[in-house]
Amino acid sequence: MWGACLLLLGLSLQVCPSVIPVEEENPAFWNRKAAEALDAAKKLKPIQTSAKNLVILMGDGMGVSTVTATRILKGQQQGHLGPETQLAMDRFPHMALSKTYNTDKQIPDSAGTGTAFLCGVKTNMKVIGLSAAARFNQCNTTWGNEVVSVMHRAKKAGKSVGVVTTTSVQHASPAGTYAHTVNRGWYSDAQMPASALQDGCKDISTQLISNMDIDVILGGGRKFMFPKGTPDQEYPTDTKQAGTRLDGRNLVQEWLAKHQGARYVWNRSELIQASLNRSVTHLMGLFEPNDMKYEIHRDPAQDPSLAEMTEVAVRMLSRNPKGFYLFVEGGRIDHGHHETVAYRALTEAVMFDSAVDKADKLTSEQDTMILVTADHSHVFSFGGYTQRGASIFGLAPFKAEDGKSFTSILYGNGPGYKLHNGARADVTEEESSNPTYQQQAAVPLSSETHSGEDVAIFARGPQAHLVHGVQEQNYIAHVMAFAACLEPYTDCGLASPAGQSSAVSPGYMSTLLCLLAGKMLMLMAAAEP
């Protein structure tokens, strides 16, 4: 029992000895680990060539506390104690902190932050792809204030480009790669005021297919691409999932007509088939009417995981000998936090790290720069002096001043603020372990808010050593542009990667065989009576 192995006196804590691995009781264990890390650090040398390929993976709302909690959860899922586990992003040798504020807000949103790290310019809250001279919801402040994304510059340089997300592809973060809008909510013309349409502003879905030639588009957001009332392919009887467009345009058909080798898919099976067909040069996969399902609710036979979408994108984009730019978003980490349902947020973050692992293993650090970061953090914390190895979703080992139990994970505000008979609920282990449990919050809000602390940047590959110290968030875009010698750094003076080989690493064939095996199993299952 906790009373037998936990002594809480002020800030002192004694952990039950049975929890501590025996080898960790010996100072030599820690000295050896530190010496190994020191040796690796001394051997670390910057890769001073240019980057043929650029990959940025962004965990929406993945603040440092979320990264740490994800590390613990991943370890516990693997049967370990948790904190000692290494995430894929932890393997990257270079890192920095990013200051996330918007030009007008101390606590930022995904539109302003996305514009910063994707375009290289900070801007106002709720504004995408425009400078801070633009004003939210004022259409006439759009023109002349556009800023250009690194992805757009990569395309101009002849590289292939792609966008992958677990949200809708019109969401503020992916939209930062291609759109210019004074309102992040203008997914289709149905969300826009008549005055904005009359003034010539375009909805984000229209900009997705018209602003630039994107080779791979994978995520959710189907209903914003089709005329109002068009039945959804997956949910034909659910009118809430039907098309929303008032202009009668079928943007998917318009996009297909632009490219001879274009393919549109809406489920995992079609995605795998299309990705293996080398005649497919452009791929759009929209797997849900709006955001994709949480990982814990995903039907693996119907919808691809973020890791699978990342693999498909890398494989297709790698066909271009001039290289590629890829943006990957683990977007529903943010949504889980807004709901104060930590189980959803952290399981999404574990899947996001799997996508990082895919990108890392499918590419070479000699020619591919990979950056992993977040747009902002959340008022998410975990504490309470829990025992090492205790569930990240579990209770603190002592009672609060009101005599009731509390979870290690708590939120500063949000819908988790609930009173029962005028008092805080006494939560149980069974309740806190439920995947739908809302952690308690200090202040009642319908949706938990972002927070303002710095977020981490992890980097590997050519010029990754430039990711260092504490930087403004827009620095990220400039590092990536410089590494690939893109505008405005075309005279970067960097040598090309040795050999200019394909980005896909030797381990790629094994993952391809796994995809093929999965497809065969699906076909066999479908053939059974």
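Using N, Cα and C of the backbone, Cβ positions are placed for all residues, glycine too.
Residues annotated as active site, phosphoserine intermediate in Swiss-Prot: Ser110. In the three-state DSSP reading, Ser110 (active site, phosphoserine intermediate) counts as helix. The number of other CB atoms found within 10 A of the CB of Ser110 (active site, phosphoserine intermediate), across every protein chain shown, is 27.
His376 (Zn(2+) 1 binding site) falls within neither a helix nor a strand when secondary structure is assigned with DSSP, and so counts as coil. Annotation comment: Swiss-Prot describes Asp60, Ser110, Asp375, His376 as Zn(2+) 1 binding site, evidence class similarity to another entry.
Cβ neighbours of Asp60 (Zn(2+) 1 binding site) (same chain, under 8 Å, six or more residues apart in sequence): Ser110, Thr167, Ser173, Glu329, Gly330, Gly331, Arg332, Ile333, Asp334, Ala374, Asp375. Sequence annotations record features per position, and here Swiss-Prot assigns Mg(2+) binding site to Asp60, Ser173, Glu329.
The Cβ neighbour count for Glu234 (Ca(2+) binding site), using a 10 Å radius over every protein chain in view, is 15. Annotation comment: Swiss-Prot describes Glu234, Phe287, Glu288, Asp303 as Ca(2+) binding site, evidence class similarity to another entry.
Per Swiss-Prot, the feature Zn(2+) 2 binding site maps to Asp334, His338, His450; the stated evidence is similarity to another entry. In the shown protein chains, 23 other C-beta atoms lie within 10 A of the C-beta of His450 (Zn(2+) 2 binding site). His450 (Zn(2+) 2 binding site) falls within a strand segment according to DSSP.
Annotated disulfide bond per Swiss-Prot: Cys139-Cys201 (among others), in sequence order, evidence recorded as similarity to another entry. If you take the C-beta of Cys201 (disulfide bond) and look for same-chain residues 6 or more apart in sequence within under 8 angstroms, you find Cys139, Thr142, Thr181, Val182, Trp186, Met192.
What Swiss-Prot records for Cys485-Cys492 (among others) is disulfide bond. Within the same chain, residues at least 6 positions away in sequence whose Cβ sits under 8 Å from that of Cys492 (disulfide bond) are Ser50, Phe482, Cys485.
Taken from Swiss-Prot, the feature N-linked glycosylation site covers Asn140 (among others), and the record attributes it to sequence analysis. Contacts of Asn140 (N-linked glycosylation site) defined by a Cβ separation under 8 A and a same-chain sequence distance of 6+ are given as Asp199, in order along the sequence.
Annotation source Swiss-Prot lists N-linked glycosylation site at Asn267 (among others). Asn267 (N-linked glycosylation site) carries neither a helix nor a strand DSSP state and counts as coil.
In three-state terms derived from DSSP, Asn277 (N-linked glycosylation site) belongs to neither a helical nor a strand segment and is classed as coil. Residues or ranges marked as N-linked glycosylation site in Swiss-Prot: Asn277 (among others).
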- Query: Within 8 Å of the centroid of the Cβ atoms of Asp60, Ser110, Asp375, His376, which other residues of that chain place their own Cβ, given that this set defines the recorded Zn(2+) 1 site?
  - Reply: Met58, Gly61, Pro108, Asp109, Thr113, Gly114, Ala172, Ser173, Asp334, Ala374, His450
- Item | Which same-chain residues, if any, lie at least 6 apart from Glu288 (Ca(2+) binding site) yet have Cβ under 8 Å of it | Ser168, Gly220, Gly221, Arg222, Glu234, Asp303
- Task: Measuring CA to CA, name the entry from the recorded positions Asn267, Phe287, His376 that ends up nearest His338 (Zn(2+) 2 binding site).
- Result: His376
- Task: Kindly assign Glu288 (Ca(2+) binding site) to one of the three DSSP-derived states: helix, strand or coil.
- Result: coil
- Query: Can you name the recorded positions among Asn277, Phe287, His450 whose CA is within 10 A of the CA of His376 (Zn(2+) 1 binding site)?
  - Reply: His450
- Query: In Å, rounded, how far does the Cα of Asn267 (N-linked glycosylation site) sit from the Cα of Phe287 (Ca(2+) binding site)?
  - Reply: 6
- Rounded to a whole number of Å, the separation of the Cα atoms of His450 (Zn(2+) 2 binding site) and Phe287 (Ca(2+) binding site) comes to 27
